[in-house]
Each structure stands twice: as C-alpha cells, then as structure tokens.
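**Q** Handing you a structure now.
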Amino acid sequence: MHIAALHQPSQVQLNQDGNLKHFLTIEGLSKENLTKILDTAQSFLDDNNNLINRPLLEGRTVMNLFFENSTRTRTTFEAAAKRLSANVLNIDIARSSTSKGETLRDTLWNLEAMAADIFVVRHSSSGAAHFIAKDVCPKVAIINAGDGRHAHPTQAMLDMLTIRRETKKPFEDLSVAIIGDIKHSRVARSDVAALQTLGCKDIRVIAPNTLLPVGFSEYGDHVRLFNNMDEGITGCDVIIALRIQNERIDSPALSSQSEFYRMYGLNKERLSLAKPDCIVMHPGPMNRGVEIDSSIADGEQSVILKQVTNGIAVRMAVLALSMQGQLQEQGLIEAIAL
C-alpha cells in the first residue's frame, strides 16, 4: 500500500483550480503538485546555487507562528519571505495572549484581522496546521512548519530538491536510506511520502525496533526495513541521517547514545558501503558523534549546508504558490516560471 493511501487526499490544500492553497502535508498531493513546487524552487536558484530575489509578495504579510522552538526553520521562512519582498512578523508566542489564557482560535482570529496573508505554523500537536486551515482561518494561507510527530512538508521538499540537484538522477533510479529515530520523526514520515509520490522504488528505513513506528509494514512495497545498518546502506545513492528526538520520547528507547553510535552512527567505514558518489543529508540539528561522525558531516559527500540554501528556495516557492491565484490575477505568475 502506498503511504498516501493511509490518508484521505487533502481537499483542504488545493483550490478549485488544483493549485496550492495551503501546504499542510505531502499526503494527498500528486507527483505533479510536488514537481511544481520543485520546479518553482529551482527557478529561485541560479547555476551556482545562489538565491534569486523576486518581489512576488510585495505588500503581502507573512506571520511566523512558532509554538515550538526553532532556529533553522523559522529563520529560513523569514529569509524566504523577505526575498519575495513580503512583510514578515515573528509572533512571540511565549509573550502572546495565549499565555494569558486566550484560546488559540481567538489569537488567530485577531492576527487574521491584522490583514495577514500567510501563517507559517509550527506546533507540538499533530494536525494543528490542518485544524487551523480548515476550521479557524480558511481565508489565510497556512504553511505547516512542523506539527508534532505528523509532518514537516517543507523539509521533505527541500530534501527532494537537494536529492534532485545533487544526484541528477530520476527518483525512480535511486536507492535512499533513512537512518535513526523514525518513530518520533515528522521528517521521516514526510520524506517517505515524498519519495514514494515522486516514484522512488527503493526506500530503506534503518533503525532499531524501539525507534520504528507501529504499523510500519503498511508503508508500502517500496519501503524496506533494516535493523542492520551495514546491510541497509550498501549500494545507496542517498543517506539521510536523523537525530534521536529525545524531547518526544516518553520512555527509554536506547541503552545509551554511545551504543546507538556503535550500531547506527554514520562513519567513514559505513559510508564506504554506499555508492562512491552517495550524498549525505541531515535535517538538523545534528548530534555529532551520535547519529553522524564529524568527518562525514563536514566531508566531501555531505550536502547538509546545501540543504539549508535549498530550504530557502523551497519555502520561497511554497509561499509564492500559496498566493498563486492572486498573483495570476495581477499578471505576476509568469515570473515564477511555471
């Protein structure tokens, strides 16, 4: 079974013309939808991987609503919005009226009344972004910047853009390994869904049983489970290392971090089992010496910093595409090169 089949296609994410209205999850979107995001992001990068500014959202207001701490995701969304000439407001949730007992609905309705065009939302509760898009502020474009263990769609798309740009191979021809804390990782879920939707036929998930989600067998024929890391990464084109999500683990899942590194840490010896041109990725933040050795994180096969740059391009694309209908009305959509 395809992972997308585990969920009802999200009618909330697309408008009546089939264009992106909200970006909440990978599930429910087609290969064409995802390719459109990738192609749009590509248009914001030159041949030297430098970002290209375009004033497509001039006069629009983007509000970053981060109910969970974040550095990389929040700042790249802010950078993306500013490169599109949008006004950006970072709402300090800890000091907002929600800390004084105001409901989430009332907080969001007040922010919507301030003429916000886009909310970028990170929340600890799975499904929070979908709830806001469907039941609270349907007129504001909602971009999910991570909700609990559920989804991190822009991270998945920046990972897909990095894979496409760096391997220069069709997804159908790639072997991709995802290693680490799969159970608690929204990145893993979104990456698997995106890889499947884009046609990857060899997705390898490598983890101890304690860090695998329940019902893993339902993820599909093209997803294989490995408890043995050496076996799992042999012949891979892409390796995505994930950190252990200690903040989401209710009970001990590992005997120790040193034991995890011994069994699942990516080092030079293990990387040599993959293809010679294998690329190494990590969504960050990294725990060096736990899931990845510094020599690999900083090595020639690492594209981790390129992921950060690609993340800005992808978030520019998602922000612009969420306003696509209005941009078309203004005759600006041609500048996105769709």
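Cβ coordinates come from backbone N, Cα and C, glycine included.
Take a look at what Swiss-Prot says about it:
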BINDING   ARG72, THR73, ARG122, HIS152, GLN155, GLY284, PRO285  carbamoyl phosphate binding site
BINDING   LYS100, ARG186, ARG243  L-aspartate binding site
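Could you tell me the structural context for the features on the list?
**A** Under the DSSP three-state reduction, THR73 (carbamoyl phosphate binding site) is assigned to helix.
Secondary structure at ARG243 (L-aspartate binding site), as computed by DSSP, is coil.
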**Q** Measuring Cα to Cα, tell me the gap between ARG243 (L-aspartate binding site) and PRO285 (carbamoyl phosphate binding site) in whole angstrom.
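**A** Here the two Cα atoms are 7 Å apart.
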**Q** Within 10 angstroms of the C-beta of THR73 (carbamoyl phosphate binding site), what count of other C-beta atoms is obtained when all protein chains are considered?
**A** 23
**Q** Minimum Cβ neighbour count within 10 Å among the binding-site residues ARG122, HIS152, ARG243: which residue?
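**A** Sparsest of the binding-site residues ARG122, HIS152, ARG243 by Cβ contacts within 10 Å: ARG243.
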**Q** Which Cβ among the binding-site residues (ARG72, ARG186) has the fewest C-beta neighbours inside 10 Å?
**A** ARG72
**Q** Cα distance, ARG186 (L-aspartate binding site) to THR73 (carbamoyl phosphate binding site), nearest Å?
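**A** THR73 (carbamoyl phosphate binding site) and ARG186 (L-aspartate binding site) have their Cα atoms 14 Å apart.
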